[in-house]
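Enquirer: One structure coming up, written as structure tokens, with questions to follow.
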Amino acid sequence: MGCCGSAERPKREWKPLEDRSCTDLPWFLLFTLFLVGMCGICGFTIMTGGAARLVFGYDSYGNTCGQRNEPIEGVRLSGLDHTDRKFVFFLDPCNIDIIQRKIKSMALCVSQCPTEELATYHDLKRFAMINGSELCSYELPGHKYPQLPERFEKCPKLPVPESKALPVFNRCTPVDISCYAKFAEAVVTFVSDNSMLNRLIAGVAASKEIIVGLCLLALVLSMILMVIIRYISAVLVWILTALVVLGSLGGTSVLWWLYIDYRMTMNETMTKDLRETEEPIDDMKTIKDHAQGLLIYAVSATVFTGILLLLMLFMRKRVALTIALFHVAGKVFIHLPLLALQPFYTFLALSLFWVYWIMVLLFLGTTGNPEKNEDTGLVEFRLTGALQYMTWYHAVGLIWISEFILACQQMTVAGAVVTYYFTRDKTKLPVTPILSSVLRLVRYHLGTVAKGSFIITLVKIPRLILMYIHNQLKGKENACARCMLKTCICCLWCLEKCLNYLNQNAYAATAINSTNFCTSARDAFMILVENALRVATINTVGDFVLFLGKILIVTCTAFAGVLALNYQRDYTEWVLPLIIVCLFAFLVAHCFLSIFEIVVDVLFLCFAIDTKYNNGTPGREFYMDKALMEFVENSRRSMAMEERGRSKRARPKEDVELTEVKAMAPGTSSA
């Protein structure tokens with residue numbers, strides 16, 4: 001049996017783009033059921049009134065503002081008709097629980113928020129009489145506010161600040177935000193006492209047009225770099241090689257120089273001290289330990305440098321493969337320019353989903369059974385029993401669906417690159433290879449993407465839980481527990497990265513041969529193992545070249561920012577704008593060059609399959625690009641030269657043996 005119960009084939013027959021079939025259909029059905037559950041949670045919050053309570057607001061007695069309400073058993077003043085009372089008013093809006101991040105004050109439904117500051121109870125009475133909006137508890141008549149003894153507990157805290165209703169959520173919010181000074185005490189104090197921060201914020205506000213322009217510049221530079229990186233990749237690779245070699249040789253030389261200098265100084269000191277006194281030197285052992293340590297460092301650096309030079313020697317041809325792949329990847333973006341827009345589509349899909357997820361999470365916060373808080377006397381809605389697991393289900397949905405969207409991007413890019421690579425005549429490419437890849441994904445391979453993203457979710461959830469435990473126990477756990485937690489988090493992070501890389505190659509294998517996830521992952525893994533040195537070279541050299549590309553974009557954007565901000569002499573404080581621009585430039589460059597990295601990885605898998613099952617003879621022609629063909633021809637030429645050299649070295653020995661045989665032949669015949 002094969003992976004996950006699939007029948008194991010004696011030999012994989014790669015037939016790129018020849019036939020298509022649905023893959024991992026059970027996982028597609030499982031993911032569909034999961035999505036139905038996510039939608040069911042949203043529907044449950046809407047049907048039970050959680051969405052209405054969040055949008056329209058509710059008072060401390062469980063009544064939703066702006067509608068008729070059913071009475072709640074055991075709760076007085078519930079079941080009121082609040083059709084004309086559409087706004088939520090808090091008696092003490094400044095009483096905020098910083099720990100729980102919510103207002104602890106009693107809430108009432110009112111017909112109008114106070115439009116001016118009300119300093120006395122007579123002002124409250126006048127406001128109720130004129131506007132018909134009673135700001136005290138429902139059982140207190142508005143015309144008796146100044147005389148009622150309950151006014152101190154059931155009326156708003158004086159003075160009542162001027163308020164305005166939020167545009168959508170109908171909460172009366174004080175106009176003067178200094179009411180929330182306690183909630184943001186640290187920020188308010190820092191801003192008010194720090195003139196430099198005020199100047200920096202003013203600089204950002206004054207240079208906002210330039211910031212937007214520089215962000216657009218970073219976007220354009222990232223798109224241009226993906227096309228021209230094939231022309232500068234060779235230079236970057238050899239610069240990297242030279243820096244690594246020179247750095248390792250220089251570091252090793254410095255360590256040996258330090259050791260020799262220290263040893264000579266130590267010998268001179270020891271000779272001088274022995275002449276002056278005949279007693280043993282107390283710190284002799286310490287001096288020898290220092291010398292021994294330097295010797296160990298120097299030897300270790302020498303071994304490391306030797307191994308590094310040997311690796312560079314053996315991998316020099318594979319560096320040429322990396323350059324060729326970068327060259328072909330640049331051509332891919334020329335033929336498939338819509339690949340550059342993939343980060344936009346992915347970001348848009350993630351943003352829409354995250355907005356929906358946060359909205360439903362807020363709905364869940366106001367969904368459930370009404371319960372009276374014995375400490376405050378206020379009614380709160382809480383999920384009880386099995387319903388409380390809906391929040392955990394919703395949290396798992398955040399991870400799985402986010403990973404699913406990212407996996408769809410990988411599968412889409414892989415499908416388009418596979419179509420490009422295995423189409424011999426590039427003029428016969430589909431009109432929209434990206435759209436064709438998306439359609440194949442939706443029609444055949446959503447189950448494969450769902451399975452791959454679920455595997456990442458299974459690894460990510462324990463890591464996030466351990467990170468949460470580590471943060472909660474910070475300063476409380478002992479050193480051993482802290483070390484174990486960090487080790488587990490690190491191991492899970494490494495496992496997640498490895499699985500991400502394997503998943504990406506599995507998606508490419510599925511795009512090539514239309515096999516299920518397990519079969520594709522196994523086939524891709526075998527191909528990668530057979531080309532382990534090439535994979536290591538591409539992942540090290542290629543990643544560093546892409547990192548240099550990111551640094552190049554950030555540097556160019558920062559340089560343009562300095563020129564732009566310095567030209568505008570009014571902008572005396574432009575440090576913070578430059579930091580914002582550089583961070584945005586790095587983020588944009590990372591998003592775009594990540595697509596480039598996926599393209600390179602998919603091209604390498606296609607190249608490895610192509611060279612394994614084709615040899616360029618009639619009937620088994622290569623699919624690869626001219627740049628990769630040149631690499632193959634150069635490799636064959638060098639191998640032929642090596643074999644010729646071996647045969648030449650072996651021929652003199654054969655000639656000597658033949659001469660000896662001829663010399664022995666006459667003697668044998670005479671005998």
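Any Cβ shown, glycine's included, is placed from N, Cα and C.
This is the feature table in TrEMBL:
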type	residues	note
REGION	639-671	region 'Disordered'
TRANSMEM	25-46	transmembrane segment
TRANSMEM	210-229	transmembrane segment
TRANSMEM	235-260	transmembrane segment
TRANSMEM	294-314	transmembrane segment
TRANSMEM	320-340	transmembrane segment
TRANSMEM	347-365	transmembrane segment
TRANSMEM	398-422	transmembrane segment
TRANSMEM	544-568	transmembrane segment
TRANSMEM	574-607	transmembrane segment
Enquirer: Which of 235-260, 294-314, 544-568, 574-607 shares the most C-beta pairs under 8 angstroms with the transmembrane segment (398-422)?
Expert: 574-607
Enquirer: Kindly say whether the transmembrane segment (235-260) and the transmembrane segment (544-568) touch, using the definition of 3 or more Cβ pairs under 8 Å where each pair is 6 or more positions apart.
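Expert: Answer yes: the transmembrane segment (235-260) meets the transmembrane segment (544-568) with 3 or more Cβ pairs below 8 Å.
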Enquirer: What parts of the chain pack near the transmembrane segment (347-365), using Cβ distances under 8 Å and only residues at least 6 beyond its ends?
Expert: 38, 41-42, 45-46, 50-51, 54, 383, 390-391, 394, 397-398, 401-402, 405-406, 408, 591
Enquirer: Do we see three or more Cβ pairs under 8 Å linking the transmembrane segment (574-607) and the transmembrane segment (210-229), pairs being at least 6 apart in sequence?
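Expert: These two stretches do touch.
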